[in-house]
Amino acid sequence: IASGSGSAPKGLRAHPDRIHIVYPLGSKLAVQNTKTKQQWFLEGHNNAITAVAISKTGKYVASGQVNQIGFRVPVIVWDFETREEYFRHETHKVRVESVMFSCCETYIMSLGGRDDSNIVAYNIHTKEVICGAFSSNRNAGDAVTLGILNNRPPCFITGGVSTLKVWTLCPKAKSVKGWDVAMGKIKRKVTCIEVEKNDKYAYCGTSTGDIVKVGLNFSEDPKEYQPIKTPRMIGCYAKLPLKKSPPGKPPTCDLYKMGVRQLILLDNNLMVVGAGDGTVEMIEELETVAVDHNGSSFVLAIPTYPLFKKIRTCSVGSLVTSLQMLKKQLIVGTLRCEVFLVDFKTFEVSLILTCHTSAIYDLAFPDDYSGVFATASKNDVRVWNVEHARELLRITVHNFTCSSIVFSYDGRYIATGWNDGNIRAFTPQSGKVIFMIRNAHNKGVSSLALTRDCKRLISGGGEGQVRVWEVRKERQELQMILKEHKGPVSAISIASNNREAASASTDGTCVIWDLNKGIRQTVIFQTTLFMSVQFHPTDCQVLTCGTNRQICYWEVYDGTLLRELEGSRVAALNTLHISKDGEHFVTGSNDTFVKLWSYNKGVMTHFGKGHAGVVTSVSFSPDKSILVSASADGSIFIWRTPFGKVGEEVLPGGEGAGSCHQPAVKKKLDKMRPVCKSSKEELISKISPAQSVHSISSGPCTPRHPGEENCF
């Protein structure tokens with residue numbers, strides 16, 4: 001499961017081989033095979049990627065990034081076959097808005113952001129800069145997008161806020177010449193540019209919601225690289241009005257809400273439009289401007305003429321940032337980090353990839369059930385299917401952040417803690433609220449844990465208190481308040497005997513509590529911010545980690561330090577999890593590494609490299625066959641462990657830890673022990689791998705059956 005950065009315009013790219021897709025994943029560039037689901041991650045950037053481009057034949061891939069104010073940013077050209085860096089240049093400052101290859105794959109053009117405002121051209125073969133220039137006139141706004149001509153390699157177009165220019169590159173003279181498009185009094189912000197196959201016209205999507213058609217005025221000879229006269233706007237066009245205007249009032253056009261964000265030009269005067277409100281439409285360009293029933297031309301209140309006829313339409317529910325052709329389908333990327341497939345003939349929409357749009361703060365597996373896991377993030381909680389890496393359930397609570405999540409041991413509900421101070425419990429199949437403890441903590445709920453008998457829930461808050469709740473079906477009561485910590489409670493773990501609990505805090509203390517007496521049993525002090533704590537299955541030791549980069553073994557009885565390991569040489573440790581058999585544990589840290597350790601030997605046995613952000617949570621599956629890690633960039637990685645299932649041999653031909661999980665063979669999911677007699681009660685074990693995505697805030701479409709052929 002990979003979370004593409006949905007904010008990058010045209011960030012999702014389809015490779016010309018029609019097999020691979022390329023998209024940004026934080027500071028890394030992800031390449032994915034849509035058939036085998038194999039992934040590669042190209043490393044070289046040190047901040048979020050903002051622009052992606054693929055050359056015409058697919059030989060090269062280019063990417064640009066954002067950086068801190070005052071610092072230069074690299075534009076990297078990658079060799080697609082070797083998946084290695086071909087060359088880079090650091091000419092721009094702060095941000096790269098767009099990158100494009102010429103049609104002959106000889107030149108690459110990059111456009112800087114507001115703090116740079118330069119356009120730079122490079123020769124790919126010599127790896128040298130050709131020239132640079134300001135992307136717009138001083139009396140115009142900033143350019144934000146690039147367009148490339150199809151038959152003239154040195155020619156390209158830039159567009160932005162009140163600026164639209166046609167450029168011709170002169171490699172021998174190491175210069176570039178630009179012509180402003182004559183637009184009269186029309187002012188537009190250009191968001192995307194597409195040029196038709198003969199280089200005669202350019203179509204520019206605007207934030208106003210119309211499409212500007214530009215005559216480029218090149219000669220018919222493709223070797224002539226300069227326009228024979230000034231490029232000129234032919235007109236601003238939009239869809240035909242849906243309703244007839246009242247008598248006496250001039251008719252208006254049907255503009256796209258929130259602007260035209262992406263365009264694809266097709267044959268026979270057809271094009272596909274992606275709009276800011278999530279609309280994806282196929283439209284036809286009419287030969288002449290539409291006229292009214294009296295035969296006279298429209299007298300419009302706005303300078304936009306109705307010229308496009310709607311053929312097919314659908315909606316993906318969020319701003320369209322990427323629109324690409326993939327075989328006989330459209331692949332659509334949105335601002336919510338979702339990827340949709342749209343059937344080209346029927347315009348039927350299917351969701352193939354989704355993930356969180358912001359940092360993931362916690363993840364959890366059910367007890368004795370390895371088929372699903374849940375993640376917590378801003379605005380929502382999601383339940384995922386392990387085998388198909390698909391979303392099964394989405395529970396949305398708008399404008400709030402879920403900081404912790406835990407499954408009940410009987411599988412009847414999912415308990416979550418939120419930054420509004422409330423604890424919410426949901427059913428595992430429909431996502432309905434079972435109960436809610438209001439104002440559980442006055443500075444937000446930071447951690448949660450449940451006893452094995454499901455009778456008590458322990459919560460930690462941002463104010464440093466640990467509270468024990470008695471959980472019943474009809475009501476939930478506060479049993480005790482444990483006050484020892486001075487800072488937020490970062491993690492809570494309960495012993496298997498349900499009599500002891502350990503709480504870790506950022507104040508440098510870890511307290512072991514007697515839950516029956518409600519008193520402190522042992523306290524641990526260390527010069528660190530404790531980020532995670534967990535009991536060993538034997539209940540004799542606890543394991544902690546924190547910002548001092550150390551993994552510590554502690555005696556439960558008296559808090560004696562038994563062993564100290566260096567978990568990382570340079571980065572703080574954020575999370576750890578011990579396997580159910582107690583033989584191994586896994587850690588995640590700020591250096592983006594996931595490390596697997598032998599508990600008894602105290603040595604690292606394997607490590608996983610792939611995350612582009614800080615690793616915030618890790619967890620073994622109950623059968624120990626896989627482990628899941630989540631990071632601050634919203635991505636989720638499923639790793640195959642080298643052990644196989646607990647009590648089973650490793651499957652032949654299986655990959656080691658450090659590769660994204662792909663099932664070698666189809667296996668039946670673990671079955672939970674029966675916990676109730678009522679068939680109406682929802683259980684974790686009853687979640688079907690084919691269950692459709694469900695959201696409390698219902699989405700615009702329903703995904704197909706989540707088979708392997710429909711998911712990336």
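Just so you know, glycine gets a Cβ as well, placed from its N, Cα and C.
According to TrEMBL, the protein has these features:
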COMPBIAS  689-700  compositional bias 'Polar residues'
REGION    689-712  region 'Disordered'
REPEAT    353-394  repeat 'WD'
REPEAT    438-479  repeat 'WD'
REPEAT    482-523  repeat 'WD'
REPEAT    566-607  repeat 'WD'
REPEAT    608-639  repeat 'WD'
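Proximity of the repeat 'WD' (353-394) to the repeat 'WD' (566-607) is not established, fewer than 3 Cβ-Cβ distances being under 8 Å for residue pairs spaced 6 or more apart. Across the repeat 'WD' (566-607), mean pLDDT in this model comes to 95.
According to DSSP, the repeat 'WD' (353-394) comprises 0 helix, 25 strand, 17 coil. Mapped onto DSSP helix, strand and coil, the repeat 'WD' (438-479) counts 0 helix, 23 strand, 19 coil. In terms of DSSP helix, strand and coil, the repeat 'WD' (608-639) has 0 helix, 18 strand, 14 coil.
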